[in-house]
Amino acid sequence: VIACERCIGDSSPAETPATKMSRHQILTLIAMASINFSSMICYSILGPFFPNEAKKKGVSQAMIGLIFGIYALCTLVGSLLLGKYIVQIGAKFMIVAGLFVSSVCTVLFGFLDQVSDGTVFVVLCFITRCINAIGFSAAVTSSFAVSAKVFPENIATVLGFMEIFTGLGLILGPPLGSWLYQSFGYEIPFVFTGCLLFATVPLNMWILPTAVPSSQNSFLRLCTRMKILLICFVVFSLSSGLGFLDATLSIFAIEKLNLSAGSVGLLMIGLSLPYGAASPVFGVISDKYPSIRKWMMVIGGMATAVSFCFLGPLPVFHIRSQLWLTVLMLIVVGFSLCMTCIPTFAEMIACAHENGFEEGLSTLGLVSGLFSAVWSAGMFFGPTIGGYITQALNFEWSAGVQGALAFLAVRTNSMHNRPFL
């Protein structure tokens, strides 16, 4: 742990890690894995039953999308601010405080079914989700920066490993939430997962050292790099698709495919299982062959675009919505999102270093803050705009819009940054 403190706190260029992981690296992996797993369970339990529960309280599809989207919007703002000031605040404090706030808000969200229908319910949903998002952004932004600092030469591999636990959280969250909801009611899923998240607070207080980095960089300077902006557009298109599915898939599956809330939870495994399973593989490939990262993003982005168009599918194809087709396209979406997403963070760090940013926690905080902010922007856009289009038209057209956005991200990179592709 003392070695970890030197590794995180030192702003000098990191040494190439040994083949065998040190004790501080193993402890860091345990801490980061606990954050990813517990946070994703708390996030993903809403999907199968909350949209339908909110609909019973008179909330429209567009407003449901906004409730999902406001979480991402607040995460966006929190990621930018906290990523900028990670030096002054401290990575450990941000992680521990963020986990505590997020766990409390998750529990509180479970008691909102006790309030009256309509405006009061919606307002309290917004307030709780906003505060929860700030806590989440603090923990995730810091965890990205710490992981990149402790594993400077293998960041994609480590993030791929971390995404296993992200995938596990996303896999277990929907069916666990559905089962707890059907067995015990609305409150228990949130109380259980909130307590699970709270259990990670003492774990991270014990494992993570206090780090005091000594340098600062500028978000504005980072965002003037065209390659960074193009990668950000790719990240935005990916998270937009995920956010869209969170807010709309359950109602589509219940109304069009005649599935129960419990079955919807199982349906969402089709998205998260391939994502979690493929993450370590793409992480190793990304670190071992950095030159093919750009092609991973291109191929993954094109596969994402096609699969969203057939998820509904788009009415222009004149294909009826069928369960097997929806499951197949969710599997392809999960796999392709993983292929596209894993290389992006490593590419952003490499681009920052190429443009003169020092190899310290300050730079990593900026990059992780920007990454989290752009991801959150997509998570706001997806459910908000997707929910509106679904209400105005239908799920099939909304999914097609997400596919078009993924295609545009790939096409923009291809046309305006030839060296990148």
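The backbone N, Cα and C atoms fix where each Cβ goes, glycine too.
Just so you know, TrEMBL annotations are computer predictions that nobody has curated.
What TrEMBL records for this protein:
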type	residues	note
DOMAIN	28-421	domain 'Major facilitator superfamily (MFS) profile'
TRANSMEM	26-50	transmembrane segment
TRANSMEM	62-81	transmembrane segment
TRANSMEM	93-112	transmembrane segment
TRANSMEM	118-146	transmembrane segment
TRANSMEM	158-176	transmembrane segment
TRANSMEM	188-207	transmembrane segment
TRANSMEM	228-254	transmembrane segment
TRANSMEM	266-285	transmembrane segment
TRANSMEM	297-317	transmembrane segment
TRANSMEM	323-349	transmembrane segment
TRANSMEM	361-382	transmembrane segment
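Between the transmembrane segment (26-50) and the transmembrane segment (361-382) there are fewer than 3 Cβ pairs closer than 8 Å, counting only residues 6 or more apart in sequence, so the two stretches are not in contact. Counting residues 6+ beyond its ends, the transmembrane segment (188-207) has Cβ neighbours under 8 Å at 1, 27-28, 30-31, 34-35, 38-39, 41-42, 45, 49, 92, 95-96, 99-100, 102-107, 109-111, 173, 176-177, 180-181 in the same chain. Of the candidate ranges 118-146, 228-254, 323-349, 361-382, 323-349 has the most C-beta pairs within less than 8 angstroms of the transmembrane segment (266-285). If you count C-beta pairs under 8 angstroms between the transmembrane segment (62-81) and each of 93-112, 228-254, 361-382, the highest count goes to 361-382. Using the rule of three or more Cβ pairs under 8 Å, pairs at least 6 apart in sequence, the transmembrane segment (118-146) is not in contact with the transmembrane segment (228-254).
Put simply, of 93-112, 228-254, 297-317, 323-349, 361-382, the stretch with the most CB pairs closer than 8 A to the transmembrane segment (158-176) is 323-349. Remote same-chain residues near the transmembrane segment (297-317) are listed as 231, 234, 237-238, 241, 325-326, 329-330, 332-333, 335-341, 343-344, 347, 394-400, 402-404, 406-407, 409-410, 413-414, 421 (criterion: CB distance under 8 Å, separation of at least six residues from the stretch ends).
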